[in-house]
Structures are given as structure tokens and as C-alpha cells.
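Comments concern the structure below.
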Amino acid sequence: MGIEDCTILHLDMDAFFASVEVRDDPSLQGLPVVVGGAGNHGVVAAASYPARARGISSAMPMAIARRRAPDLVIVPPRIDVYREVSARVMDLLREVTPAIEQISVDEAFLDVAGARRLFGPPDRIAQRLRSRIREELDLPSSVGGSVSRAVAKIASARAKPDGMLIVPAEQTASFLAPLPVGVISGIGPKAQQALERLGVRTVGQLRDVPASALRRAVGPQAPMIATLAAGEDRTGLGTRVRDRSVGTERTYEHDLVDPAEVRRRLTVMADEVSRSLRRSDLAARAVSVKLRAPDGTTITRSATMDQPTASGERLREHVVALWDREVPRMPAVRLAGVRAERLQETSSHPTATELTGRGTGWGGLESAMDRARDRFGSESLTRGSTLEPREG
Ligand code: TTP
Ligand code: MG
Ligand code: MG
């Protein structure tokens, strides 16, 4: 054990949109710069580090940002430029290994296990990636490394700006212990409040919470969170992860105002998504929920599952937990969607029977139901929890 084994790296660009703007207009260097809409209803998309020092952050209304920094420089977004830079960053990562998993416009995970022979230990690779990005694109980035993707991502955030932090397996528990529970991606604002009521603020304190209480506070991700808090998570990149995702979304003619109705529609969509996964022999490691208010405000939240799954039961459970615990309430919902992400081919996975639902338990029942639906149409079968009011 040691740095040599920290082969999971997470690279994330620093203040991405804002850094691109500062690079292209050096007179902005050192100033509080934000990228976003300048209008009264504009929102900050990205804030430079000098802007952050003044208390400005992403997703903040522009009016508040202006109040915090009267000398604020607001630059309108140039999405095509960021997209192009993003593609170049990903190309530079691929110079080191093809084992990369891009998770947003400015970040990706890499598994550098195979690249070590050519490029040296993971810390050397991390520095190499950062300096290539600096040389070729003149932009700052940060890298975290660990034996687990969750810890690598937490480490890259702690390394910012323009830094690197590698956390060896044996130091993981002590590295995480003092951090606030919110650093764990499965712990949203509501779960944080629930934990706060138990007197739990740090990841270290999380370790003393009994399993049942943890489950009540954070939902179905509890076992994974407990493993992570104990410093024992070893989840790397998925085998044969595809860039694809499978999802469904609907725009409603009449805005949904009843939270119970939104919840029910989300569970129906989770079922649909699980069926298309099973049809394509895919399993998902993550599921996301997307909601849009009539004014266009869009919120997405995602949950990671401890096992890849194609089970409708599991997807519903996570979707409901996201809705109940993580999604801020909007007065009305215009669009709702559910998406399965981080897909793996179940045929190539050791526990394929369980994943495709051709084995026992819920999975088996679900594929039996799929077959019945294929023969008799989708109205022929409905499960108890979706029997309440009819769709439409
Ligand atoms: P992030 O990587 O979350 O943030 P960042 O790169 O600006 O800053 P950090 O140094 O903390 O990584 O997001 C990448 C880009 O995505 C960001 O520059 C702008 C865009 N973005 C939005 O448009 N809206 C948002 O709410 C967030 C969080 C990001
Ligand atoms: Mg970033
Ligand atoms: Mg990012």
C-alpha cells in the first residue's frame, strides 16, 4: 500500500469558464471575474478564485455577487469555446491512458494502473497531467488521487486551486475524519440536516452512527457511505463503462404542483428506465433525477449505487430518496426526468445473473414482468406502489 496503489485520479479544471476568460484577456488576471448572465435575473456560472475570496460562488444570483464585489467583472459565457477546451483537456488525458471516464465538461476520472510502467507512480502522472494542461492550454487544474473514486474526487477539491493531493489507502480514514459530511457526494442538504440533528457534522463522527440511524438519515446509500467514512471504499472505475446513459423525460402541459404527483411520476419513469436497461443488457451505477420549473430553472441530482443494477425496485428506491432528501422543492414542475448513468454491460460482469434480473428475487420477477409486458402491452401489469391514481 502507499502512493503506488493510488491509481484512481480525478482531474478537475479550476474555475473553468472563468479561467478560460482570464486566459483570453490577461487584463482580468487577479480580478473578481464571473461568467454568467449580467441581467437582473442572471446567475453566476463560474467564479474566479479572487471572486471567491469575496464570497462569490457558482449558482449565486448575479445581484448578490454584485453586492459582494462592486468591482465585479461579468463576462458573458462562450459555451462553444469551453466545449472546445474541454475536448482538448480530455485528449491530453488520453495521452496517458485510454481508461478515462469524463463526468462533466471540466472533469474526469482516470485509472492509471496500466500507465505506471511508462510514466511512473501516480503522483508523477498527476503532475504530468497538470503541466501538460498548463503548457498546451495555459489553464490551471487540480488532481486528487486515491484507491477509490469517491476519495479521489474529495481530494481534488481539497487540492484546489492549482494543486495535487494523493491520499494513500492507509491514510484515508484520518484524511476524511475532520471533513464536513457534505464532502460526500451522496449526502445532500437534507441528509446533512438529518445528521446535524444527530449531532453529526464530520465524516469521523459518521463512523459512530448505528447502521439503522444512518439509513434513516441518508437513505439507501447508507452502506456505501459507511464504507467510505471508514476509509474502506475501493470502488474504482467501472469495467467497460460506456459514455452512454439511458433516460426518459417529459414536459407537462399542466405544471405539476402536487409533490406526491411528481414523486409518483418519477417512480413510473424509474421503472421505464430499468426496463430499457434490461432490454439492452445494461446495468447502471448511478441514477439521476432532473426537474425543471416553469421559469426554466433546472435541477439535477444524482445518486451512486453500491452495485450496478438494472432493477426497477432499486432505481425507484434511489429516485425516491433523491426526491425526498436532495431536490430542493420547486412550487411547480414543468419537466421531470430520470436517467441511468455509468452503464456497464451486464454480460461482461461477474454477477450478470443478478444484474440482468434473470436470477432470483426482484430481478427475476422483474424480467418475468418484462416478458409479460412484451406480450400483452404495458397496461397489463402494474405493481402495487404505482397502482394509486392512473397516469395521465
Ligand atoms: P465546477 O468544476 O463545479 O466548478 P469550477 O470549475 O468553476 O470551479 P472549481 O475550481 O471549484 O472546480 O464546474 C465547471 C464549470 O461548469 C464551471 O466553470 C461553470 C459550469 N457550471 C455552471 O454553469 N453552473 C454551475 O452551477 C456549476 C457548479 C458549474
Ligand atoms: Mg472545476
Ligand atoms: Mg467540475
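One is the number of the first residue shown, and numbering goes on along the chain from there.
From the backbone N, Cα and C atoms, a Cβ is placed for every residue, glycine too.
As recorded in TrEMBL:
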{"type": "DOMAIN", "residues": "8-188", "note": "domain 'UmuC'"}
{"type": "BINDING", "residues": "D12, D106", "note": "Mg(2+) binding site"}
{"type": "SITE", "residues": "F17", "note": "site 'Substrate discrimination'"}
{"type": "ACT_SITE", "residues": "E107", "note": "active site"}
{"type": "REGION", "residues": "341-392", "note": "region 'Disordered'"}
{"type": "COMPBIAS", "residues": "345-354", "note": "compositional bias 'Polar residues'"}
{"type": "COMPBIAS", "residues": "368-377", "note": "compositional bias 'Basic and acidic residues'"}
D106 (Mg(2+) binding site), number of other Cβ atoms within 10 Å: 23
Close-lying recorded positions around ligand 3 among D12, F17, D106, E107, where CB distance stays under 6 Å: D12, D106, E107
Stretch-averaged pLDDT - the domain 'UmuC' (8-188): 95
E107 (active site) CB neighbourhood, other CB atoms within 10 A: 20
